[in-house]
Amino acid sequence: MFNVTKKSIEWGGETLTLETGKVARQADGSVIATLGETSVMANVTFAKAAKPGQDFFPLTVHYQERYYAAGKVPGGFFKREARPSEKETLTSRLIDRPIRPLFVDGFKNEVLLIVTVLSHDLVNEPDIVAMIAASAALTISGVPFMGPIGAARVGFAGGEYVLNPDVDDMQKLRENPEQRLDLVIAGTKDAVMMVESEAYELSEAEMLGAVKFGHEAMQPVIDMIIDFAEEAAHEPFDFSPPDYAALYAKVKSLGEAQMRAAFAIREKQDRVNAIDAARAAIKAQLSEAELADENLGTAFKKLESSILRGDIINGGARIDGRDTKTVRPIISETSVLPRTHGSALFTRGETQALVVTTLGTGEDEQIIDALHGNSRSNFLLHYNFPPYSVGEVGRFGPPGRREIGHGKLAWRALQAVLPAATDFPYTIRVVSEITESNGSSSMASVCGGSLSMMDAGVPLKAPVAGVAMGLILEDDGKWAVLTDILGDEDHLGDMDFKVAGTENGITSLQMDIKVAGITPEIMEQALAQAKDGRMHILGEMSKALSSANSFSAYAPKIETLTIPTDKIREVIGSGGKVIREIVETSGAKVDINDDGVIKIASNDQAAIKKAYDMIWSIVAEPEEGQIYTGKVVKLVDFGAFVNFFGKRDGLVHVSQIANKRLTHPNEVLKEGQEVKVKLLGFDERGKVRLGMKMVDQETGQEIQPEKKEREEAGEA
């Protein structure tokens with residue numbers, strides 16, 4: 001009944017297994033990949049014909065994590081998986097980016113790839129396993145896919161690269177100074193296709209070494225998929241790339257001159273309008289059959305690409321007049337919004353980001369519910385890309401995959417320089433509003449985010465800047481690396497290479513390559529140019545702000561104290577009674593962590609002090625020999641009970657009330673009276689013994705022995 005194909009190798013200290021033929025047999029390609037005890041199933045289906053008139057490649061990738069994979073039940077009212085989490089969205093993009101360029105040019109049939117996590121051992125990250133499963137499923141499906149690809153995660157600890165570090169090592173990257181890198185790489189046998197990383201100020205050489213290490217480490221996986229496909233692959237889909245040479249030749253002859261003139265216009269919107277006019281002029285001269293040809297859009301793109309790329313390769317001139325190494329003009333401004341905690345307006349050419357920082361308390365932290373367990377994040381970065389930023393009418397609604405991905409890239413770039421939570425106990429939310437875009441808006445978010453946080457008073461370890469690099473690589477081997485690319489250069493070029501970091505090193509690297517043939521020499525040149533660009537941008541940013549401003553007057557003040565964990569219950573009280581009383585009485589917000597760290601927040605310093613004192617009175621232990629102010633709560637024949645330390649009471653024996661003989665404490669005391677007492681010690685049952693007669697009730701100072709003797713002699 002089942003025709004099962006199964007292959008296994010030892011890889012990175014774990015067993016990697018690929019299996020097909022038993023599950024999801026009606027899909028065009030189905031593979032279950034297992035690394036350790038983490039199993040991921042990838043299923044590929046594709047339409048056998050393209051939709052009429054379709055001029056793009058409709059590839060859809062869905063990565064989904066099932067809670068049962070880790071033995072968990074989903075939270076929420078409905079108790080089932082709902083919309084994709086941020087991690088699922090990011091992993092979907094992680095799978096999509098390296099495989100999309102590997103489909104045969106001209107293939108426009110719809111392809112659906114669904115990747116599902118079936119089992120998670122909480123050691124091996126499922127994203128790498130998912131990429132391998134997806135690659136294998138595509139390779140055996142028969143779809144015209146020029147793979148396979150392999151994938152690997154690379155860490156860097158103690159000066160050594162580490163293949164596929166454990167989940168725990170990566171989850172607490174920010175808290176572990178030994179672990180300085182989380183890099184995911186994907187590629188074919190001969191070429192790197194995609195890199196995604198967060199780093200802690202690594203040098204260009206260290207980052208390039210990580211890329212090389214990862215590419216070498218994935219080679220056994222690629223060989224395994226090839227062997228696997230030789231036994232399990234379906235018949236290749238009968239597809240021949242369309243021949244549109246005649247159509248392209250006609251489009252070129254009719255409109256190359258006008259299109260070239262349009263690309264010579266430096267202002268983006270004027271250039272866009274001129275390109276649209278050139279297209280319209282060409283279309284006006286085409287026949288109905290040529291206008292209906294589904295390859296017309298491809299022919300236009302090829303013409304535009306040849307003009308832009310040829311000018312750069314042959315003359316070194318870009319469409320906005322810059323050479324290949326120049327960064328566009330930069331204007332940085334801070335404190336642009338009066339009532340926000342921190343704000344910055346970062347403008348680089350025709351790309352602009354308005355970035356705002358808000359400081360919150362512990363209750364504002366994001367709770368992340370993941371397969372490996374719940375966690376909290378005190379740093380949030382949200383990226384918004386409205387249609388008006390590119391002068392268009394378009395979809396407006398919740399953030400899409402691109403916005404989530406760009407926001408995460410900026411998050412990775414900035415989180416490496418954040419202060420430790422113990423030094424700066426705030427939740428930090430950064431929002432980047434892209435108000436203009438002509439390339440590299442995510443890197444503008446990094447620059448604006450750094451300025452905005454410093455404007456809010458966040459003590460960053462160092463300012464961070466980012467730059468997007470591009471590449472033109474021709475078939476004859478000529479190439480050029482471009483610094484600070486425009487939108488058209490991104491669209492028509494061969495590489496999108498984003499680098500962010502400080503003066504000391506790289507904090508984030510993202511690379512997407514559309515062609516094979518990217519050599520180490522090209523990558524070295526790109527990293528070197530990116531460093532020069534980053535240093536220039538940091539210099540321009542420093543003109544606006546070079547270090548953290550004074551703390552925003554509108555941000556909440558936070559003080560922390562650490563208490564013994566066995567005292568947490570006392571601070572919270574039965575049913576939360578005590579903590580509610582503290583909050584209501586003081587007016588401050590109080591957040592208690594399981595490790596005994598308490599954060600007290602308020603805009604009013606007096607409220608913070610009140611809450612602090614109330615908590616301290618509960619958890620602190622009174623010291624023998626110290627003098628305290630208390631209140632008489634009860635009088636009995638043998639003495640007075642005094643509340644002197646938070647909710648703690650002690651007994652002042654009748655003999656310790658005054659320097660004279662008393663028959664009853666009510667001769668000198670009454671309930672509710674404020675008194676000064678000295679802690680004499682504890683009896684054999686642990687009860688507190690207090691004294692009054694040795695304390696001056698007016699000053700609260702201890703009466704010196706000589707004075708006490710004189711008082712006693714006078715009374716005698």
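Cβ atoms are placed via backbone N, Cα and C, with glycine included.
Summarising the environment of D490 (Mg(2+) binding site), the number of other Cβ atoms within 10 Å of its Cβ, over all protein chains shown, is 17. The Mg(2+) binding site annotation in Swiss-Prot covers D490, D496, and the record cites sequence analysis as its basis.
The domain 'KH' feature in Swiss-Prot is assigned to 556-615; the stated evidence is sequence analysis. When pLDDT values are averaged over the domain 'KH' (556-615), the model yields 91.
Residues of the domain 'S1 motif' (625-693) grouped by DSSP class, helix first, strand second and coil last, total 6 helix, 36 strand, 27 coil. Residues or ranges marked as domain 'S1 motif' by Swiss-Prot on the basis of sequence analysis: 625-693.
Swiss-Prot lists 695-716 with the feature region 'Disordered'.
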_Taking only same-chain residues 6+ apart in sequence, whose CB is under 8 Å from that of D496 (Mg(2+) binding site), what do you get?_
A468, M469, G470, I485, D490, Q510, M511, D512
*Using DSSP with the three-state reduction, classify D490 (Mg(2+) binding site) as helix, strand or coil.*
helix
*Write out how many residues of the domain 'KH' (556-615) are helix, how many strand and how many coil, based on DSSP.*
32 helix, 16 strand, 12 coil
